[in-house]
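K.L.:
The structure is given below, and queries will be raised subsequently.
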Amino acid sequence: MTICIVTNRHILTAQGATVSKEFLMTDSEFKLIVDMVYKACGIVLGDHKREMVYSRLVRRVRKLNFESFADYLLYLDEYKEEEFSHFINSITTNLTSFFRENHHFEFLKDTVIPFLINANKHSRRVRIWSAGCSTGEEPYSIAMTIAGAFPAGWDVKVLATDLDSNVLEKGMCGEYSASSVNGLDQEHLKRWFLRDKDGQLYKVKPDLQKYIHFKRLNLLQDWPMSGSFDVIFCRNVVIYFDKPTKEGLFNRYANILSEQGFLFLGHSESMGKDQKNFKSLGKTMYRKL
């Protein structure tokens, strides 16, 4: 076990090594940050996340030319309306890729879409929600899956929401580096993307963007959407929530899903045994009861 003692701006380990820190983050400051994040968006930050919190927020401390986290937190309290979105954006995690957990998209194509074509044949309307859409790879993957899969004349749309306004802006822009689209096959790239002359930037074509509406949304606050959804993707989001927050969110999803609607979670997430609103279909796929 390694024992660390914080002294001024240095961390002294049990082995005698000293690790220099640009700024000191005290226990009380870390706790205040943890409490604010949980209250704002339900994300639970344990002690093991302290270094992550430090490395992300220290960028704001530097950018605003403060000399300490204490000064930054005082500024955050005084100018909350202007700074709080930057604060939350710094903390939230945005790891994503096109067709991540591809079995979900295969199930969407092979099972969900045929079901919806039959179930919604009178309304010819389908709504899919990408909750926690990050920089847009997930909703664009959904759009690539549904494009051309429904009969002509159907009204099919994807709502893409996230708490982080910075990643939403990137998603709306629809521009990705060559490394970001590396996992896509040539068929998808040619059909749905425009490549710049250097081959280093790929822009989503309007024909794909038309399916998606991006919107900033805090999942723990009121939802302004009217009408129900047939499918919800909420992947690698609830992993950061505690049990009561997860249960409350799952209940709200059940209320807004259409009859026998589908819910997709991330590979390390699950409903838990006490959830009565959904039936597991395996591989973190669920159906509303």
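The chain as shown is numbered from 1 upward.
Each Cβ is built from the backbone N, Cα and C atoms, and glycine gets one as well.
TrEMBL feature annotations, pasted as is:
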type    : residues                                                             : note
BINDING : Asn94, Thr96, Arg100, Glu138, Asp162, Asn218, Leu219, Arg235, Asn236 : S-adenosyl-L-methionine binding site
DOMAIN  : 18-289                                                               : domain 'CheR-type methyltransferase'
K.L.:
Which one, from the binding-site residues Asn94, Arg100, Asp162, Leu219, Asn236, has the smallest tally of other C-beta atoms lying within 10 Å of its C-beta?
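P.N.:
Result for the binding-site residues Asn94, Arg100, Asp162, Leu219, Asn236: minimum number of other Cβ atoms within 10 Å at Asn94.
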K.L.:
Please find, for Asn94, Thr96, Arg100, Glu138, Asp162, Asn218, Leu219, Arg235, Asn236 as listed binding S-adenosyl-L-methionine, the greatest distance between any two Cα atoms, in Å.
P.N.:
23
